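Written out below as structure tokens is the structure these notes cover.
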Amino acid sequence: MGSKSPEDHRQGPDGGSADAAVTIINPPKSAAASGLLQGMLEGQDEDGDDDDDEKTGINVKTYDGAKKKRKRNKKKSKKVAVIQQTFPPRIPLATLFDNQPYPEGQIVDHVVKDDNIKRTTTEELRHVAALNDMDDDFLKDYRKAAEVHRQVRHHAQTIAKPGVSMTRLAEEIDEGVRALTGHTGLETGDALKAGLAFPTGLCLNHVGAHWTPNAGAKEVILKHDDVLKVDFGVHVNGRIVDSAFTVAANPVYDNLLAAVKAATNTGLGEAGIDARIDHISEAIQEVMESYEVELNGKTIPVKAVRNITGHNILRYRIHGDKQVPFVKTKTDQRMEEGDIFAIETFGSTGKAHLRDDVGVYGYGRNENMSPAVLHQSSAKSLLKTIDANFGTLVFARRQLERLPGVEKYHLGMRTLVNSGLVESYAPLVDITGSYIAQFEHTVLLRPNCKEIISRGDDY
């Protein structure tokens, strides 16, 4: 989920060297290979025999009085009990893995930097806080969220074909996340335990980010010549995995998708402890803008979008205070041990500068505003519902409307937005007729390595 640059938009909850070598220690596993099939053999050795069978016999006298051993028949092997994910995926991961560890992401060695600078006191405090969050459940929660994302997006990729409606696609993703995390989000506070980290983004063509279908709007159907960006997040106990991909049925857009995917992988390769963000941004832009696209007989350069960025992720907060632009920039910020980053890139055939469009993508609580300014009872009640069910997570109208007892909330929401207690987020668009692609992964900067937690066989 992209973060708008601070000079263009007030930040809300939604809102290294180029030739460094990257060593892959542990390649990614596909969802199918990392938990879709699981079985157990109970009380069996490899050959299916019990040990006692080989040691025990029955003494039988022969006609000449000699003793002869009669071997017992070997027990037949029991059949393997197989648990297989359904299509669409609806079996919770807790059932599928049965207390087995969730798959790792892609493990990559840190690149040693020789241009380190002394951290300030503020940076040290932030560093300590990040490491303290890495408790015993940290990797378990993150790997579970990542595996949910892989399985749900695999299903989404199979149905994201021309003719599918955006409403159906969004519902399939939303319901898949809820089913696999085991949290429907209907009971008060349940969505804060695990589920959607932000509204599922389904952006077509010149719409770059922050669009999702809502009830009452005109239905949008995917067409053969569309470029669709699918951006959704999964959280487990507030540990957020943010990952996105682009699909296009028409091969004319292949170079656009290849440019953005290569740029994202470049950013992931450059990311690491003490990596300079300005170096990462420059490397991303260089790769992205080395590509061209042939559209309607014209050769069009792929441009890196200038005013939306990658970002670090905090617990229950999709956007932290660090940003990773896709264009060359001046900043002294560095990545630090314990940081979690959403490394994403957007490439456009248009102006590569996004602006707010009409409509509302989602809402997010502004923690810096006190509810003491509220006097309207309906607004107070709605704010209480938001705090209890979403906290600092960004949510869409359809997520709010499915909660029991929520109805006729529009006046209260308008009051909350006008008072600054809740922020609303509009779709972000380039010029009409342009095409934008996006790819994104979440990377954990662990003390001894970086783990691209959302990596899969697909991208």
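Note that Cβ sites are derived from N, Cα and C of the backbone, with glycine treated the same way.
According to Swiss-Prot:
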- H210, H319: substrate binding site (BINDING)
- D231, D242, E440: divalent metal cation 1 binding site (BINDING)
- D242, H311, E344, E440: divalent metal cation 2 binding site (BINDING)
- 1-12: compositional bias 'Basic and acidic residues' (COMPBIAS)
- 43-54: compositional bias 'Acidic residues' (COMPBIAS)
- 67-79: compositional bias 'Basic residues' (COMPBIAS)
- 1-79: region 'Disordered' (REGION)
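Feature map: annotations from Swiss-Prot on the structure.
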residue: H210; record: substrate binding site; Cβ within 10 Å: 29
residue: D231; record: divalent metal cation 1 binding site; Cβ within 10 Å: 26
residue: D242; record: divalent metal cation 1 binding site; Cβ within 10 Å: 29
residue: H311; record: divalent metal cation 2 binding site; Cβ within 10 Å: 26
residue: H319; record: substrate binding site; Cβ within 10 Å: 25
residue: E344; record: divalent metal cation 2 binding site; Cβ within 10 Å: 29
residue: E440; record: divalent metal cation 1 binding site; Cβ within 10 Å: 26
Looking only at C-alpha atoms, tell me how far E344 (divalent metal cation 2 binding site) is from H210 (substrate binding site), rounded to the nearest Å.
14
H210, D231, E440 filtered to the binding-site residues whose C-alpha is within 10 Å of H311 (divalent metal cation 2 binding site):
none
So, in DSSP terms, is H210 (substrate binding site) helix, strand, or coil?
coil
Give me the CA-CA distance between E440 (divalent metal cation 1 binding site) and H319 (substrate binding site), in Å, as a whole number.
14
State the three-class DSSP label for H319 (substrate binding site), counting H, G and I as helix, E and B as strand, and everything else as coil.
coil
